Amino acid sequence: MHQEIQSEVVIIGSGPAGYSAAFRCADLGLETVLIEHQERLGGVCLNVGCIPSKSLLHIAKIIKDASELSESGVFFNKPIIDIKKINNWKEKIIKKLTTGLSNMGEKRKVRIVQGKALFNTDHSVLVKNKKNDFTIFFKHAIIATGSKPIKIPSLPNEDNRIWNSTDALSLKSIPNRFLIIGGGIIGLEMATIYSALGSKVDIVDRFNAFLPSVDKDITDIYIKSIKKRFKLLLNTHVKSVEKSKDNDLIVKIAEENSDENVCCYDNILVAIGRSPNVDFLGLEKIGLKLNESGFIEINQQLKTNISHIYAIGDVTGFPMLAHKAVQQAHIAAEVISGKKHYFEPKVIPSVAYTDPEIAWVGLSEKEAENNDIDYEVSLFPWSASGRAHASNCTLGMTKLIFNKNTNKIIGGSIIGTNASELISEIGLAIEMGSDAEDISLTIHPHPTLSESISLASEVFQGTITDLLNLKKSLLN
């Protein structure tokens, strides 16, 4: 059956970008249609990404923490892993959140249409599902179709033992020997999960620099922390994957300027990045422009080259982060409603939800150097934090970068427990143009990990009393 729908705004995709845009449009009084080809709202993030990965990382951390408590005089037996129960628990979390989204959409009177969207014209889309097809006419459209995992064409991808991130998060099995190709955030998080569950994990990454966006003094702490849990092989790549007579996956691994190694694995995860989901939309038909990397070109109001069609989230390029997407969604909806708003954040924080966590925001040292900024680094090691000692998490550090001419904070990074929860203070300080004195004179509760931020500012100020004050002779 064919139906025609008229709407002020149509949004394609219901991940964090799409549902946020739809709900904001509805709140602003705009008649809104939200198109989603999956059965549930929430996109990759809620269903097969951010949320399920954090639930499994939570389990992994508890397993690790419990094993370390023996040093404090508390002993636990070796954990029993019940995959079925873990998956049921994970599914309950996802279902609760997706149901909540559907309820919020219904209460806002957002019309939800299930199916894949294809642009007919620059003012209409065709949507088909198993039962119906729709032509939806719109004044404005927002493309929020997200991204998909990149495959390695040379691998036997038809083999169901070669996984992408969605497969890994479905927790089909716990491989004894697990190879992860790609040492980025996704690969590291999966290594954290599966090593805690009992897998012997190797990570290979073809690049020489580990997490190149993060300063080396931070990543060195992380590399030190993982040595007993899994192996990280940099400057290394997979040459081939074959099946043995015993049906193992035989992998040839080559390090640059070194001999090949042949290893056997039960499963392989390919985590080399993601690409935008734009192939099925028919964008070429309406003349909507993509850049050289295949992402949709936008301006600061999230408009494409077709001024009434907007794009937000992963389809617009790096950083491909849900929190960036949500902010873009709000701006796009507000621009459509007539507000003169722009997407122009000073900084966007990034987090690797590993153990320990790594979080960073603003400029790194290398970026400050490349921008010819006269900067100074201020460090507070968590080995000097009372809360870190009490919580058994002294392997950590808070690092701030200040402009020496203005004393303003321009960047920061944290490695350690709950770094993801701490980094926002640094982001806010940069957005507000705060200087070191603003941060150091803001009284932080004690004992906390968050006070490491004010203490790092005190190091820069030369007022620190929790460490030896190396600047005192300069300030007298």
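Sequential numbering from 1, following the chain as shown.
Using the three backbone atoms N, Cα and C, a Cβ is placed for every residue, glycine included.
According to Swiss-Prot, E36, H37, Q38, E39, R40, L41, G42, G43, V44, C45, K54, A117, D314 bind FAD; the candidate from A26, A322 that the record adds to this site is A322. Just one of D202, D205, D217, D220 is listed by Swiss-Prot for the same NAD(+) site as G182, G183, G184, I185, I186, V238, A271, I272, G273, R274, and that one is D205. Here the CA atom of H446 (active site, proton acceptor) lies 43 Å from the CA atom of R40 (FAD binding site).
Within the set of recorded positions (R40, R274, H446), the lowest number of other Cβ atoms found within 10 Å of a Cβ is recorded at H446. Looking at G42, G182, G184, the binding-site residues in this record, the fewest other C-beta atoms within 10 angstroms of the C-beta turn up around G184.
Rounded to a whole number, the distance between the Cα atoms of D314 (FAD binding site) and R274 (NAD(+) binding site) is 9 Å. Across the structure, I186 (NAD(+) binding site) and C50 (disulfide bond) are spaced 10 Å apart at their Cα atoms. Annotation note: I186 (NAD(+) binding site) sits in a helical segment as assigned by DSSP.
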